[in-house]
Structures are given as structure tokens and as C-alpha cells.
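**Q** Shown below is the structure under consideration.
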Amino acid sequence: MHAKSLTELRAALDAKECSAVELAQHYLKRIDAARDLNAFVHVDAELTLAQAKAADAALANGEAGPLAGLPIAHKDVFVTRGWRSTAGSKMLANYASPFDATVVARLSAAGMVTLGKTNMDEFAMGSSNENSAFGPVKNPWDTSAVPGGSSGGSSAAVAARLAPAATGTDTGGSIRQPASFAGVTGIKPTYGRVSRYGMIAFASSLDQGGPMARSAADCALLLNAMAGFDERDSTSLERADEDYTRHLGKAWAAGGDAGKPLAGLRIGLPAEYFGAGLADDVRAAIDAALKTYEALGATLVPVSLPKTELSIPVYYVIAPAEASSNLSRFDGVRYGHRAAEYRDLLDMYKKSRAEGFGPEVKRRILVGTYVLSHGYYDAYYLQAQKIRRIIAQDFQEAFKSCDVIMGPASPTVAWDIGAKGDDPVQMYLADIYTLSVSLAGLPGMSVPCGFGAGANAKRPVGLQIIGNYFDEARMLQVADAFQRATDWHVQEPAGV
């Protein structure tokens, strides 16, 4: 059952081969058996089965939503009524939200059944899921490796078939990089496409929710339910609802040859994504994927994104600045961790935050406070925002000669747990290919396309596909065509 796609699972429900309750029980047993992966931080079987029973009733009455009865796991950055909402932090270890995030509410309205909350880097700050107050997540493909971050619990859950789908968030690569490391498909939509209401904030001008699943087709189904305008989110974009499945299985150009479904597609290859720092085994997997695209009829076009190397310093000025502001609300007064002993109000603030936040979060708060301080704002934050606009302009220049841009999602495969913990800068460098996409607000996704070599032969590689604003449906079409021609996305870790 757990090897089936969302479409196949829904067909099984409609054919009464199984019930939503039986499906939920199946996944709950798998989650319990795989506790060593540490992919989930909160599971409540009673709540899950109650939702499944409601889905069965809706299916029986013919009132079911398009995703009715299908299980999903939610990254613990989305607040959920009934389940704890911790953002991977001691600060919120016992926080119970009185409402559902819009993403959670929309998926529930479509009939999906919540399996639980997945582990994550604290407040979404990290690239390895080692920064969680609840311990690191293990990569199902190689349990000595990280699953990526910050949506590492979600990527591990989907890869290990503990859930057929999961929600994630992406601020600088936190859907795409863990999708790459865990061999699953994940998409970060255009900024503003998916509501941030009820998403615990890290960097408000960058945060964006999106789906993670086995395939592009599954992600398209999920995005149909997740995306859309939300008046409760000031950054939500007012656009007509779309069917993100509408191009799947179709030729890129009208009247196209079935043997060359992507004839006419121009794929831009940035020179900056294939230079020094890209591991040989990752390069080999990406090159092989690009050859598949050529066989499907696509044309490869050289493009340039000259400010790529500046995306790391720009991001690590802007994101910490916004984080320092967003996280100032956690003071031990209204909600969150409060120190047990303190002398006065100021001491309570200090001790509550010192005890509640982990080291990486503290590091970014300090950096953010510094770059926003008097005398440094113009030199750092203002300059970073100017370069951010140039990065966005570079992408628009590139899109004049191509339809999508491709390259690696990460310069390496997943590294060993603990390998980069003492050097945060090395961790930051791993996001070199994803940060600029986030800074520009563009949609990007990662698709499994192979594995590393030698000692890394069990560690997946992801191909990043970048589209222009609001081109998600076309990106999903491009990814789906690749997945129809290959089987990387259906391969499973040993023992699954």
C-alpha cells in the first residue's frame, strides 16, 4: 500500500480496496516501527483516526474532497489544532495552537488525514535537521547521513514511505535541498503563492510553503489544494486559482511528437552552477539527467547568473535580520518557554530566551540584530537588498533565452551526521544553488535524478528545476516528463 502514489491511493479508496481508517492505521504502524529515524515529533493516533473516520463518511456520502482519505504529514512549522506546534524548538516545546495554519486547513478541507508533525531544524534555521531540540533526523537511504534541512523530517518521512506526502517550507532551500538529499520530489512555489498564515515565521520576505511527495504529479495534486489567495496573509498574491495538473502528460508545444514530448523546451544551464565546488558524482548525475531531457526533445542553452556567489552573503544578512525581528515575540510572557527562576522582568526575558533558543538560532538573532543596528543598517541590510534586486534581474535576463533553468539542487550529496556541526559557514555554502532562487521569489523544485558514487552510492542526487514567476504548472510538466522516462523517483531505500 505504501508504494502507491496519491492518485493510486485515491483510486484504491474509491474502489473500496481499503478504507481511510485502514490506510491511516497502515501508515501509523510504519511510523511507529521507524521511530529510530526520528522523522516525527508528534503523533496522535486518536486524532488521526478520527479524521480518517470522517473521510470515510464523506466518501460514503459522495461528499468527499479531491484528496479525501489520503494521509499527509505536516512540518512542525505549521500550527495545527490538536497537535503540538513546536518549530523544532524548546521555546515552543509544549505550545498548543488554537487554530490551523491556512495550508493545514486547506488540505484538511480537501479531505486529507493528518498523520502527525515532522521534525525540523529549529525555526527552520539549518540545512541538515541537526538543529532540532528533538534530536537529528536520519536519512532513510543511509542512516549515518543527514536528510537535509530544514524540512528534513518531511523528506525522511516521504522517502521512508511513512507518509505518501508531507508539507514543507522553503526560505533558502529548505524544501529543495532535503528533497534532493532524501530522493523525493519537492517544490517551492512562487513567493506569495501559498499562504504563510499560521506558518511560524523565520524570514517573512522569503518563507514559502510547498508540498513534498514521491512524484511531480503528486506535488501538483497537493499544490491544487495548498495554493491560493488568503486575506489573512499580507504577502499572499491575488491570482485566479489554477489546476497544476493541467499540463501533465502533454507535449510542451501544441502538435508535438509523442516521442519527443519536450520538443521546443529551452533549458538554461547557468555556468555558475557547474563550476568549482560541484562534486564530480553530482555533476555526473545531473549531466545524465540533462541527456534524458535532450532525448525528450529539449534544447540546452547556456545562460549566466553572475551574482550567484553573492547570494550567500546577501541571504545571511537579510534572513537573520528578519529572524531577529520575528523571534523577538518569544519572551516568556504570552506563550513559549519561561525560565523557572528570575530576578525581575528583564532577567526573565534574558533567561527564557537563553534557555529556549538553540545555538544556531541565537547565532542568527545576533547577526540579524547587528546588521539592523544604527550605523550598520546602510552598510549591510540596505546593500543586501540592493543586490537582491540585481539577482532577480539576472534571472529575468536569463529567462529571455530559456523556458526553465536547471542545475544541481546541492553541490554535494548528503553529508554524515555531525560532519559540519562545528563549521556553520560550510553548512551555509551547501545552499549556494538554492538561495538565489529564494531571494528572487521564483519557483524552484528538486527531482530525484540519481545517486552519488563510491562511499556515497546510496545517497541521492536532486536536479533543480527553476521557473519564472507563476510557472509552476509548466515546471511540474517538465519534471513529470522526466519521471515518466526514468524511475529514480520510485526507487526506495533498502528495507522499506
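Yeah, the Cβs are placed from backbone N, Cα and C, and that goes for glycine too.
Since this is a predicted model, take the numbers as computed values, not measurements.
Straight out of Swiss-Prot:
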type     : residues : note
ACT_SITE : Lys75    : active site, charge relay system
ACT_SITE : Ser150   : active site, charge relay system
ACT_SITE : Ser174   : active site, acyl-ester intermediate
**Q** May I ask for the distance between Ser150 (active site, charge relay system) and Ser174 (active site, acyl-ester intermediate), taken between their Cα atoms and rounded to an integer number of Å?
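**A** On Cα coordinates alone, these residues lie 5 Å apart.
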**Q** Taking 10 A as the limit, how many CB atoms besides its own sit near the CB of the residue listed as 'active site, acyl-ester intermediate'?
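**A** Its Cβ shell of radius 10 Å holds 37 other Cβ atoms.
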**Q** Using DSSP with the three-state reduction, classify Lys75 (active site, charge relay system) as helix, strand or coil.
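**A** Once the DSSP labels are grouped into three classes, Lys75 (active site, charge relay system) ends up as strand.
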**Q** Within 10 Å of the Cβ of Ser150 (active site, charge relay system), how many other Cβ atoms can you find? Include all protein chains, please.
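**A** For Ser150 (active site, charge relay system), the 10 Å Cβ neighbour count is 34.
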**Q** Would you mind reading off the Cα separation of Lys75 (active site, charge relay system) from Ser174 (active site, acyl-ester intermediate), to the nearest angstrom?
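**A** On Cα coordinates alone, these residues lie 11 Å apart.
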**Q** Return the count of C-beta atoms lying within 10 angstroms of the C-beta of Lys75 (active site, charge relay system), excluding that atom itself.
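**A** The answer is 31.
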**Q** Please report the DSSP secondary structure of Ser174 (active site, acyl-ester intermediate), reduced to three states.
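**A** In three-state terms, Ser174 (active site, acyl-ester intermediate) counts as coil.
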